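A.B. asks: Starting off with a structure, shown below.
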Amino acid sequence: MNPVMVPSKTRRTPHTEWNSEALFSETKHQTVTEMGGGGGRGRGGSRTQRRHFRQNRENVWKRSKSDPSSENNNENNGENRGWEPFATQNPAFDEYYKEQGIVSPEEWDAFNEVLRRPLPAAFRINSSSQFCSDIRRQLENDFMISLQSEVSEGGESQPIRPLPWYPENLAWHSNFSRMQLRKNQTLERFHEFLKLENEIGNITRQEAVSMVPPLFLDVRPDHFVLDMCAAPGSKTFQLLEVIHRSMKPGSLPDGLVVANDLDVQRCNLLIHQTKRMCTANLIVTNHEAQHFPGCRAKSSASEIGAEMEPPISHLIFDRVLCDVPCSGDGTLRKAPDIWRKWHAGLGNGVHPLQIQIAMRGIYHEKKFLRFFLLLTMALCFTY
């Protein structure tokens, strides 16, 4: 159901003069005590979200130089042990999720089997691209047929297919691994097609589950959207697609996306991802999501109207997306090392931070918004 929008005379005008100095000064001087978090933001203050990010994104595929386990084994056994796959068993994980009742006991074995399958690749066609229809036709009339003939010998079916729940066949699912894409000329041609179109910005490689939250927001071209935890930027790019969709070439929409992330390096990744859109309707900020400040905007006198209403002092967001930090249980298929490290405390540890970020979005609604706010929370627990 589409959200009900309540009209108001205080809605911001399409063309707004941004007070960027006030925006970034307020971002700079926001303190951690605003949300009752306690402690300062000096050198000794804790940055919960950043610490969680660094602790949970170690390179699990590269063994540390200080790890003597492999060297000791080689010295004791006198042989070179090959690579061993990650263990995919964790009794604590099974016990915890059985208690949650997310699946029936009869389906538990099938659920466990799916968790151990490799994550299939997925990508999305840029709906605002002028080549959107051409790329979709090429996938339907060329690659679906040619790739089907390639995998028919192995007994597999539907090597690529559109995701049935995504509108207009713009999201696609592929069962090919990177190694498989290089095994013959036809698959190599498909691989080169994906790389080229991704670099140009006509498609975006994105997990299927990551495409879901922006769909629930029901974003329109004139909406102002806040993405509170935006990096690496696939959802932000998806939001920008909607804002730019149906616009004539050379014209700019009235909407805007403010994409925020705590880590400055991930902000660079966010900019690298979204620059393929070549849009002026994007602002990237670097701030703690749980303390994200109010953004100010200043309207010119000519745009205020005949009633001489006072200018809007705060930026109005129509939609807010919170892709909050989590334990990443739903990423087991692409990060198998989570099986070894998983325990119930991972999710419980970041739960207060998730609540703070959600409350910050609600705080924006109560304090600044003149319209109905649709807030979407995203977590990595959907398989």
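Here, residue 1 is simply the first one shown, and the rest follow in order.
Cβ from N, Cα, C; glycine included.
What TrEMBL records for CYS380 is active site, nucleophile. The S-adenosyl-L-methionine binding site annotation in TrEMBL covers CYS229, ALA230, ALA231, PRO232, GLY233, SER234, LYS235, ASP261, ASP323. The compositional bias 'Gly residues' annotation in TrEMBL covers 35-45. Summarising the annotation, TrEMBL assigns compositional bias 'Basic and acidic residues' to 55-68. The compositional bias 'Low complexity' annotation in TrEMBL covers 71-80. Under the heading domain 'SAM-dependent MTase RsmB/NOP-type', TrEMBL lists 111-383. Summarising the annotation, TrEMBL assigns region 'Disordered' to 1-87.
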A.B. asks: Taking the centroid of the Cβ atoms of CYS229, ALA230, ALA231, PRO232, GLY233, SER234, LYS235, ASP261, ASP323 (S-adenosyl-L-methionine site), which other same-chain residues have Cβ within 8 Å of it?
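C.D. replies: Neighbours found: ASP227, THR236, ALA259, ARG266, LEU270.
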A.B. asks: Would you count the other C-beta atoms found within 10 angstroms of the C-beta of ASP323 (S-adenosyl-L-methionine binding site) for me?
C.D. replies: 24
A.B. asks: At its widest, how many Å does the recorded S-adenosyl-L-methionine site span between Cα atoms of CYS229, ALA230, ALA231, PRO232, GLY233, SER234, LYS235, ASP261, ASP323?
C.D. replies: 13
A.B. asks: On the 0 to 100 pLDDT scale, where does the domain 'SAM-dependent MTase RsmB/NOP-type' (111-383) sit on average?
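C.D. replies: Averaging the confidence scores along the domain 'SAM-dependent MTase RsmB/NOP-type' (111-383) gives 82.
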A.B. asks: Check the binding-site residues CYS229, ALA231 for other C-beta atoms within 10 angstroms of each C-beta and report the one with the most.
C.D. replies: ALA231
